[in-house]
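Listed in TrEMBL:
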type    : residues                                                                    : note
BINDING : PRO87, LEU88, ALA89, ARG90, GLY91, LEU92, GLY93, SER94, SER95, ALA96, SER97 : ATP binding site
DOMAIN  : 59-140                                                                      : domain 'GHMP kinase N-terminal'
DOMAIN  : 200-276                                                                     : domain 'GHMP kinase C-terminal'
Amino acid sequence: MKPFRVRVPASSANIGPGFDSMGLALNLYLTLDISPSDKWEIVQHSPHLPILTNAEDHFIVQIAHDVAARWHAELPACKMAVYSDIPLARGLGSSASAIVAGIELAVKACHLPLTPEEKLELATEIEGHPDNIAPTLMGGFVISTVTAGEIDWIQLPVPEVDVIVYIPEEDLTTESARQVLPETYKREDAATASALSNVLIAALASDDLELAGKMMERDMFHEPYRAKLISGYEDIKREAKEAGAYGTVISGSGPTMISFAPKGKGQTIADRLSNLMTDHNVALLEIDYGGAVTTSERLR
Ligand SMILES: Nc1ncnc2c1ncn2[C@@H]1O[C@H](COP(=O)(O)OP(=O)(O)OP(=O)(O)O)[C@@H](O)[C@H]1O
Ligand SMILES: N[C@@H](CCO)C(=O)O
């Protein structure tokens, strides 16, 4: 086995009413540098990553082992250096990135013949929903759904927007953020919530970004229930709107929030919100177009 690098982007799921379905890949990355070794050696280079040097306990290695086993292969011991810009349990798809990285590790190290569709199915089975997985694998803006075990997805042109994220210090696991959601929705509410999502997609596809921002902020599937878990929820939405953003929503299951803003206005909004929300890390991000990439180069 020759040394290789796996690089996987972060993602923001939901975009308001696109609950469990819409996702956008972002330019924060989880990177693995893999080289052959006669025993497992894991070096975590980013201080926010869990201190896990034991391969059996490492989430990414566990995924890679499981994937190899499904294809009746054995994952060889490796030296694995892990770098990550993606904060954990903040709503930026860290678990989806780790799952996709584990799959790519197994595919390359064991020469597995997985198609992109098989990677998507496998990663979605592990994560539970495809909204982070699909953009993480493929890059860009992806809308997806699972019905009767079958995944349907479509990649739309990415919206022409600046993207600002507001990342608080505290974390919030997807598991706990899902616990506050209702088990069922009334028919009228479900119909309206789904209509909001339809209009959002149509607005994004037609480049009507004012309308898209309005629809983003009207979600009825998850935002009303999660708002209380998110520090600065109302303040961030209001201040970003006043500063010129189209719309601001919870990123994934939170607690990060994300704004879409007119091209060229993002830095001004980020600077203003950074001064106001001093307990948040406010960043202007780019959309990632490439998705998960495995290379023999060491470029980061
Ligand atoms: N690089 C990593 N190495 C090891 N474990 C990781 C890594 N990235 C994510 N995880 C695991 O995934 C958990 C976070 O997953 P969770 O679904 O709660 O949040 P998220 O994926 O960051 O947010 P969201 O799904 O809302 O976008 C972490 O607590 C950790 O257990
Ligand atoms: N769609 C998911 C994203 C987090 O994995 C949720 O909102 O719970």
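We number each residue from 1, going along the chain as drawn.
Note: Cβ is positioned from N, Cα and C throughout, glycine not excepted.
With a cut-off of 6 Å between Cβ and the nearest atom of ligand 1, the binding-site residues PRO87, GLY91, GLY93, SER95 reduce to GLY91, GLY93, SER95. In this structure, PRO87 is the one among the binding-site residues PRO87, GLY91, GLY93 with the smallest number of other Cβ atoms inside 10 Å of its Cβ. Note: the ATP site is recorded as PRO87, LEU88, ALA89, ARG90, GLY91, LEU92, GLY93, SER94, SER95, ALA96, SER97; in the same chain, ALA10, ILE86, GLY252 also have Cβ atoms within 8 Å of that site's Cβ centroid.
SER95 (ATP binding site) has a Cβ environment of 20 other Cβ atoms inside 10 Å. Cβ neighbour count for ALA89 (ATP binding site): 20 (other Cβ atoms within 10 Å of its Cβ, all protein chains included). Of all Cβ atoms in the protein chains displayed, 29 besides its own lie within 10 Å of the Cβ of SER97 (ATP binding site).
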